[in-house]
Amino acid sequence: MPISGLLYKECKQRQTLLLLTAGFLSILGPLAIINEYFHYKDCLRALQLYPGSVCTFSIDYSNYRNLIGLHFIPPVVMGLFLIRAGRAERMFTLSLPYSRSRIFHTKFFLGAAVLAGSQFVSYGVSDILFLALKPDAVHHFQSFSAGMLVISLMIYALVTAAGTITGNLAAQLITAFTVSVFPIVVMTIYLLNAEFLFGRQAVPDIDFPWSGFLIYFMPAAYIHTSWMYYMKHALFISALMGFCFYLFGYVNFLKMPNERSGHFILSKHIERIIQVLVMSLSMLGSAGVCGYAYNGSYTGYIFGMLIGAIIGFFISYYFIYKKTKQI
């Protein structure tokens, strides 16, 4: 099989996924512009009924939260289905004369190239539409385009990394989502418990601008458009996280079994660590909430810790420890 054979194989096997992803991302931006143009035309027609109205054809990408949400779908789908495969396909791929490193990089960078290339196409078509339709004003287009390129690759790397340590698709999705909100969960639990146990002085004040862009260490925060106002910091953090997710996924792809076993986590060692973490967070979170609910009572705090321990046990047993039907 020639050097390019592995890339050709992946392209043929994932042809539908790659084409749908590329097509979807390529038309998102242009469709948003055309939609705004039709709204503008509707406004002009309405002037006949309401002569005092004013119609402007302006596009502000800082208001396009739904568009950002739609941009999250392709990298998630790509991360779910490009790296992972069924047992027969996995065994066949690993039997080819390629190292695991080359297999991972071929798969990973194929997906990254499709995500990036389709967004470049969207950028070019959008530019042409701006020249043809001549809107009155366009705000944050460059920031949006550059930002979504970096953010989509970060999300793709996150979901891919989650897939290298999990045994089924549901576990992969849950793990990726948990990591995307993990920083704010830990911070909230810390604030609840620190203030309850040691008083307000145990909670540090975070000065601006750190309070503005510290939230962008949480991948889920990028679904909101406010990152455009912290472009320099937010995109650097996003790129750094994406690189870390890529390295994590690469190392795990080399060292862990790469077929779906039905277990939540493929590695027993990591599975135990995650079980302990889930139990701890559940206990501390429930303790902090119940402590405040019982007006600062230590009885409520201890009661909440017991409730959290029970909840954490059931979550860790049924979702992490117990083997599930392969998905």
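Even glycines carry a Cβ here, placed using N, Cα and C.
Listed features, source TrEMBL:
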TRANSMEM  17-38  transmembrane segment
TRANSMEM  67-88  transmembrane segment
TRANSMEM  108-132  transmembrane segment
TRANSMEM  144-163  transmembrane segment
TRANSMEM  169-192  transmembrane segment
TRANSMEM  213-230  transmembrane segment
TRANSMEM  236-253  transmembrane segment
TRANSMEM  300-321  transmembrane segment
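The stretch with the most CB contacts under 8 Å to the transmembrane segment (144-163), chosen from 108-132, 213-230, 236-253, is 236-253. Remote same-chain residues near the transmembrane segment (213-230) are listed as 61-65, 68-69, 72, 140, 143-144, 147, 151, 154-155, 158, 177, 179-184, 206, 237-238, 241 (criterion: CB distance under 8 Å, separation of at least six residues from the stretch ends). For the transmembrane segment (108-132), the residues of the chain that approach it from at least six positions outside its boundaries are 7, 10-11, 14, 18, 21-30, 33-34, 74-75, 78-79, 82-83, 138, 141, 145, 148-149, 152-153, 156-157, 160, 246, 249-250, judged by C-beta separation under 8 angstroms.
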